[in-house]
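Taken from Swiss-Prot as is:
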- ASP117: active site (ACT_SITE)
- MET66, CYS67, HIS68, MET102, GLU103: substrate binding site (BINDING)
Amino acid sequence: MTEAKIVDISSKDIVLREAVVEGYIKLRKETIEKIKNKEVEKGDVITVAKTAGILAAKKTPELIPMCHPIPLEFVDVEIKIEEEGLRVISTVKAHYKTGVEMEALTATSVALLTIWDMVKKYEKDENGQYPYTEIKSIRVINKIKTYDDMK
């Protein structure tokens with residue numbers, strides 16, 4: 001068994017790294033309407049979830065022990081309101097020696113968790129359970145490594 005350690009990337013080249021991750025949260029139609037109409041008691045769900053996702057991307061190496069601290073150059077969290085829920089798409093870019101998919105995964109995951117937290121009051125049934133609410137399909141939809149003149 002090997003010891004836990006951060007992988008040595010010192011000999012790798014600095015290149016442009018990009019990762020795009022999406023995830024989905026299924027919500028009740030009534031909750032979606034509250035989000036659209038900005039009637040959620042905790043505030044603007046879209047703005048808060050985007051902000052949480054961006055912050056999460058920046059905090060990834062503090063949350064996931066073996067992640068390298070990467071100087072992120074771009075983080076975008078897009079949230080699309082769909083018929084049965086919200087889709088979160090996070091894009092992260094950096095010129096570095098290792099990929100940024102963990103940062104994009106973290107951004108999407110935390111944005112989805114933030115949405116759940118902000119609307120949980122409206123999602124509970126009469127027993128305080130969440131029979132309809134579901135976070136699903138968190139996946140890397142694109143990972144790009146672009147070689148340019150950065151070294």
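Quick reminder: no glycine exception, Cβ is built from N, Cα and C everywhere.
Contacts of HIS68 (substrate binding site) defined by a Cβ separation under 8 A and a same-chain sequence distance of 6+ are given as ILE6, VAL7, ILE9, PRO61, TYR96, LYS97, THR98, in order along the sequence.
Fewest other C-beta atoms within 10 Å: among the binding-site residues MET66, CYS67, MET102, that description fits MET66. DSSP classifies MET102 (substrate binding site) as helix under the three-state reduction.
Note: the substrate site is recorded as MET66, CYS67, HIS68, MET102, GLU103; in the same chain, THR60, PRO61, ILE64, PRO69, ILE70, THR98 also have Cβ atoms within 8 Å of that site's Cβ centroid. Cα of GLU103 (substrate binding site) to Cα of the residue listed as 'active site': a distance of 21 Å. Residue environment of GLU103 (substrate binding site) contains 27 other Cβ atoms, counted within 10 Å of its Cβ in all protein chains. In the three-state DSSP scheme, the residue listed as 'active site' falls into the helix class. Cα spacing between the residue listed as 'active site' and MET102 (substrate binding site): 22 Å, rounded to the nearest whole number. Counted within 10 Å of its Cβ, the other Cβ atoms near ASP117 (active site) come to 14, all protein chains included. Residue pairs drawn from MET66, CYS67, HIS68, MET102, GLU103, the listed substrate binders, are separated by up to 12 Å at the Cα level.
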